[in-house]
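Data first, discussion second: the structure below is written as structure tokens.
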Amino acid sequence: MERLTIAIDGPAGAGKSTVARRVAQRLGYLYIDTGAMYRALTLAAQRRGVSPHDEDALAKLARALTIAFAPDGDGQRVLLNGEDVTDAIRTPAVTADVSYVARHPLVREAMVEKQRELAKNGGVVMDGRDIGTYVLPKADVKIYLTASIDERALRRQREMEARGYRVDLETVKEEIAKRDRLDSERAVAPLQKAEDARLLDTTGMTVDEVVEEILAACRTRGREGE
Ligand code: CDP
Ligand code: CDP
């Protein structure tokens, strides 16, 4: 069977990583979390004292880094130059800086090159903000996942609590809204629904329901009316 390229975009907490990982498992495809790649770069910059506003230094760092994914049970580990940084890239400090790091054109150029290389053989599910619009514009299936801001904040709060962070719902909501604004308003490859992407509002839907809808879209190759 043909090995498809599947692009999933959307705002923070829409369920992209959870759903993309499950779809990839069901199809036996590779899952590529591009948000984790920007987070890994942000962590590397923080460790070296590189400012999130220093585009040239960040782009140089991005070109020099090796970011890889290793399967791990139901999920996957993120490796930065061979070091397991899966947990280190999810701290509030990385989350606070990542959208500033990701808005520089030269940084994106370096990261997109790595992402296209990872996806070049098909059989991939890639999630992020600009996958359907910019990284993989010819993807066979494009999904734009969203949910209400209240629902997304609740989901993120539960996730943070499961990882041992106590966070107030209003604070999470503000953090998400700020990041969405930065991601949507940046000049290069902003968060935007691709014209040919299928819009899926997951408010009130379970993960299983969302996964099934995406698999159905894959069966019809994402084209409306088929
Ligand atoms: O999981 P969460 O929604 O918190 O975010 P993420 O997918 O890990 O992405 C973290 C940040 O990386 C986003 O807020 C964007 O600033 C940036 N990003 C991006 O600019 N382009 C992508 N394709 C993926 C992520
Ligand atoms: O990657 P993104 O930031 O879009 O979202 P995520 O990191 O996958 O987080 C979404 C959270 O909401 C996870 O804890 C999921 O279990 C949960 N969730 C979901 O993803 N989809 C639903 N329809 C319902 C809940």
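Quick reminder: no glycine exception, Cβ is built from N, Cα and C everywhere.
Per TrEMBL, these features apply:
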DOMAIN    6-218  domain 'Cytidylate kinase'
BINDING   GLY10, PRO11, ALA12, GLY13, ALA14, GLY15, LYS16, SER17, THR18  ATP binding site
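Locations of recorded TrEMBL features on the structure.
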| residue | record | Cβ contacts under 8 Å, 6 or more apart |
| --- | --- | --- |
| GLY10 | ATP binding site | LYS16, ARG129, ILE143, TYR144, LEU145, THR146, LEU191 |
| ALA12 | ATP binding site | ARG152, ARG156, ILE176, ARG179, ASP180 |
| ALA14 | ATP binding site | LEU145, THR146, ALA147, ARG152, THR202 |
| THR18 | ATP binding site | VAL207 |
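Cβ atoms within 8 Å of the centroid of the Cβ atoms of GLY10, PRO11, ALA12, GLY13, ALA14, GLY15, LYS16, SER17, THR18 (the ATP site) belong to the same-chain residues VAL19, ASP127, LEU145, ALA147, ARG152, ARG155, site residues excluded. Not one of the binding-site residues GLY10, ALA14, THR18 places a Cβ under 6 Å from an atom of ligand 1. Confidence in the domain 'Cytidylate kinase' (6-218), given as mean pLDDT, stands at 96.
ALA12 (ATP binding site) falls outside any helix or strand according to DSSP and counts as coil.
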